[in-house]
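Visitor: Mind looking over this structure? Questions follow.
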């Protein structure tokens, strides 16, 4: 410990490794790391042929899901925990101050809401499509189609619309989800918002959700978002 | 403000209202409120005939889901936010100290994991049962059964087992999920653990999950858990 400067530097930025999976929630963590200006290494994994996470990921955590962040000697699992940890430790500017109760509580609400309430319906939307496209004899297809449609029309679709209507309403009077500044909540929500259109189609469009489209345009202009996009494109080309 | 004692009492315990729904995640918030020894009022709602939350709940929040906690002038939505809020403000004994990094991070991990990772598979398990039992002509039943079985065997069941194996492993060397003491993480996990057996059947049993069964027995002995149970039984009988 003779060189204090080195020692301080080590403390300020320990080695960070992001366990990243193709087409996954890990994308938004790259964006956050870029916003924070942290140095990090990406260990990238490709999805299997049937679109699952590879077994390899289990060497880091028994549930074998990405993203996983290895930082300060901890192995962090769950996107919202990773986001909270990074924001609390390296970027308090991405969290409303506690004194601003309304935005602070909205931030914490959204940290839970994104994966706890919204994403399950996104997963269900994928599953209804899977059921519809299941490889069955042609004379059975109308039946699998009907099951899929019933699930979709009766449950998944109305809930997705209600949830995106809710998100749209949050941006009525403010540019970001927890106030006037970008926070970790925006980063959490980027995944379902970026994926809404391509995953489900039709009901999600610019006319119905102008605030969400404007928000995505707004964040896409950020240099860190662009850098994250470039980084991911680069990582993907090497997979 | 002539009576300081009253004023302090008001500050220490503002009026709390829990918007409660039959057979829902709201149960665990009753338990937490009892653990904290807080006074609260329950506004109870019955599920509709098709097992949904009634439209009435939307008067409190556009998404119309329970639990909702009205406290200190805030309307809190998402079980984990409600739990964090109550623990941070009224019961720091139910949260590992930040200095105990391992348990502290495990607490925060589980606050996100419960609804973000585990509960979506519980929901999917219910949906596979719904598909299996869908009212279709008898000659189509083998097909709906096959779709349900494929979804269950190929995706839902292996993920449920992996998640409950993970929970079981967390209790290998400690009595509670984030260390030696009960925390908000145990309260969050009580809902999926109490419901594992009755909802899916078969694979979840005492031989396979002795730690989870012992944990449930342990928490069931707590006076606050018992009081919460009595309270809910009382509320249900008046629905």
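Using the three backbone atoms N, Cα and C, a Cβ is placed for every residue, glycine included.
Quantities reported herein were computed from a predicted structural model and do not represent experimental measurements.
What TrEMBL records for this protein is below:
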DOMAIN    A:13-94  domain 'GST N-terminal'
DOMAIN    A:100-239  domain 'GST C-terminal'
TRANSMEM  A:118-140  transmembrane segment
Visitor: Within the domain 'GST C-terminal' (A:100-239), how many residues are helix, strand or coil going by DSSP?
Guide: 105 helix, 2 strand, 33 coil
Visitor: Calculate the per-residue pLDDT averaged over the domain 'GST C-terminal' (A:100-239) and state the result as an integer.
Guide: 93
Visitor: Per DSSP, how many helix, strand and coil residues does the domain 'GST N-terminal' (A:13-94) have?
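Guide: Per-class counts: 31 helix, 18 strand, 33 coil.
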